[in-house]
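If you look up TrEMBL, you'll see Tyr342 marked as active site. For Asp382, the entry in TrEMBL reads active site, proton donor/acceptor. What TrEMBL records for Asn235, Glu266, Asp382, Asn384, Asp479, His480 is Mg(2+) binding site. According to TrEMBL, the compositional bias 'Polar residues' annotation covers 1-11, 94-103. What TrEMBL records for 50-84 is domain 'SAP'. Annotation source TrEMBL lists region 'Disordered' at 1-40, 82-118. Residues annotated as site 'Transition state stabilizer' in TrEMBL: Asn384. Sequence annotations record features per position, and here TrEMBL assigns site 'Important for catalytic activity' to Asp454.
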Amino acid sequence: MSNATAFSINNSKRKELKIPGAAIDQNCHQMGSDTDRDEMGTLQDDRKEIEAMTVQELRSTLRKLGVPVKGRKQELISTLRLHMDSNLPDQKETSSSTRSDSVTIKRKISNREEPTEDECTNSEAYDIEHGEKRVKQSTEKNLKAKVSAKAIAKEQKSLMRTGKQQIQSKEETSSTISSELLKTEEIISSPSQSEPWTVLAHKKPQKDWKAYNPKTMRPPPLPEGTKCVKVMTWNVNGLRGLLKFESFSALQLAQRENFDILCLQETKLQVKDVEEIKKTLIDGYDHSFWSCSVSKLGYSGTAIISRIKPLSVRYGTGLSGHDTEGRIVTAEFDSFYLINTYVPNSGDGLKRLSYRIEEWDRTLSNHIKELEKSKPVVLTGDLNCAHEEIDIFNPAGNKRSAGFTIEERQSFGANLLDKGFVDTFRKQHPGVVGYTYWGYRHGGRKTNKGWRLDYFLVSQSIAANVHDSYILPDINGSDHCPIGLILKL
């Protein structure tokens with residue numbers, strides 16, 4: 001009996017087809033022997049018989065050869081033919097993997113080793129004709145591929161599990177970090193978004209400067225029973241518009257601040273509007289005094305609204321050339337004069353700069369000094385000047401802008417501060433950046449890019465009686481915000 005027996009299968013015509021490359025039983029051999037070549041010749045004659053094989057026979061045969069068995073009948077036939085062609089006698093080289101397969105299987109048989117269950121798992125075939133189950137040995141290549149595939153799959157699963165755990169861990173860590181960062185961001189960012197004035201906004205801040213925060217920088221209230229007066233001032237940029245502003249309530253402001261006197265600038269009212277506006281005043285504030293522009297209607301305008309009845313009231317400075325725009329109201333109280341003023345803006349192109357510094361500022365200064373001869377003076381309102389670099393967000397970029405020219409700043413000093421009047425906010429907060437005006441054009445209020453144009457200046461003789469000089473940057477409704485003064489009497 002030959003030691004080289006080719007694997008055979010009976011086709012539908014009961015003719016035995018010999019397929020090289022699949023050794024069985026105990027007669028494994030190395031491919032490329034003479035016997036194989038003889039059998040190849042027989043196989044060449046039987047190619048037509050392959051086409052007559054059923055799909056099940058083709059699949060069974062291909063399984064025994066360790067060849068993939070997926071596809072339709074024609075694909076299976078092509079696969080089998082390809083396998084046959086690769087093992088023809090005229091090949092100059094024998095498949096190294098097939099040779100290795102046979103040698104490995106020979107060793108197993110000579111050592112009487114039985115293939116393991118794993119090795120046989122992929123080598124089971126069924127003889128449809130006889131119904132007998134035959135277990136054939138796979139080649140070492142397929143066995144190794146099987147084991148390798150399982151190992152790879154196992155490793156991949158392990159890596160995937162590890163990867164998922166790592167990813168999940170990273171995600172959890174990232175989520176935790178993000179959560180903590182979000183909390184931190186809320187702590188840091190939320191106040192700056194809802195209270196932008198608490199963020200130091202300045203192009204060239206000094207190292208000791210800080211942003212004004214009324215929640216933390218105002219002194220405690222005076223002891224109950226302390227005699228004092230609380231004055232507030234506000235450039236409303238049009239009183240009619242402010243009263244229509246949905247989020248503004250004069251009553252709420254009065255209840256919250258409990259002021260005694262309220263000074264308004266830029267009311268933009270005409271004389272004919274005053275009586276109607278008086279009807280809307282809050283109960284208790286029965287004394288109001290209005291100065292309206294008559295040279296230009298709906299322009300400028302000032303007012304003093306008080307629950308304390310003043311001793312006397314006067315309008316303007318007494319000089320007709322400066323009193324047609326409704327810019328000054330002066331009220332006399334028991335222990336001081338209160339001057340509410342809206343200083344003229346130097347205008348676009350600084351067209352009113354000369355009038356401002358050479359006429360208006362000097363006239364105002366003389367008016368104050370004349371009153372001060374009998375009583376201390378409190379000067380308040382929109383003075384239209386950021387006196388120092390700390391009082392404006394961008395000093396370098398506004399050197400020729402109305403309100404920050406060197407001429408206006410020098411005039412402010414010469415006609416007011418040098419005459420003995422004290423800037424109460426700056427005295428109380430020497431290194432604090434606090435703005436009272438933010439232009440609408442560039443949304444400066446949201447980023448706190450503003451100017452300090454509104455003031456309480458007091459005579460030197462009562463400067464020590466100032467308990468608090470403060471800004472209320474949270475009050476909207478105008479491009480300016482209100483500021484306040486608590487003066488002990």
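Just so it is clear, glycine is given a Cβ too, placed from its N, Cα and C backbone atoms.
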Using an 8 Å cut-off from the Cβ centroid of Asn235, Glu266, Asp382, Asn384, Asp479, His480, can you name the remaining same-chain residues around the Mg(2+) site, in sequence order?
Asn237, Gln265, Tyr342, Tyr437, Leu453, Asp454, Ser478
10 Å Cβ neighbour count around the residue listed as 'active site, proton donor/acceptor'?
27
Distance [Cα-Cα, Å, rounded] between His480 (Mg(2+) binding site) and Asp454 (site 'Important for catalytic activity'):
8
Which of the recorded positions listed here (Tyr342, Asp382, Asp454) have a Cα atom within 10 Å of the Cα of Glu266 (Mg(2+) binding site)?
Tyr342, Asp382
When a 10 Å sphere is centred on the Cβ of Asp479 (Mg(2+) binding site), how many other Cβ atoms does it contain?
19
Work out how many Å separate Tyr342 (active site) and Asp479 (Mg(2+) binding site) at their Cα atoms, rounded off.
15
Euclidean distance between Cα atoms of Asp454 (site 'Important for catalytic activity') and Asn384 (Mg(2+) binding site), Å:
7
List the Cα distance (Å, whole number) between Asp454 (site 'Important for catalytic activity') and Asn235 (Mg(2+) binding site).
8
Return only the integer: C-alpha distance in Å from Asn235 (Mg(2+) binding site) to the residue listed as 'active site, proton donor/acceptor'.
6
Taking every residue in the domain 'SAP' (50-84), what is their average pLDDT?
80
To the nearest Å, how far is the Cα of Asp479 (Mg(2+) binding site) from the Cα of Asp382 (active site, proton donor/acceptor)?
12
Is it possible to get the count of other C-beta atoms within 10 angstroms of the C-beta of Glu266 (Mg(2+) binding site)?
23
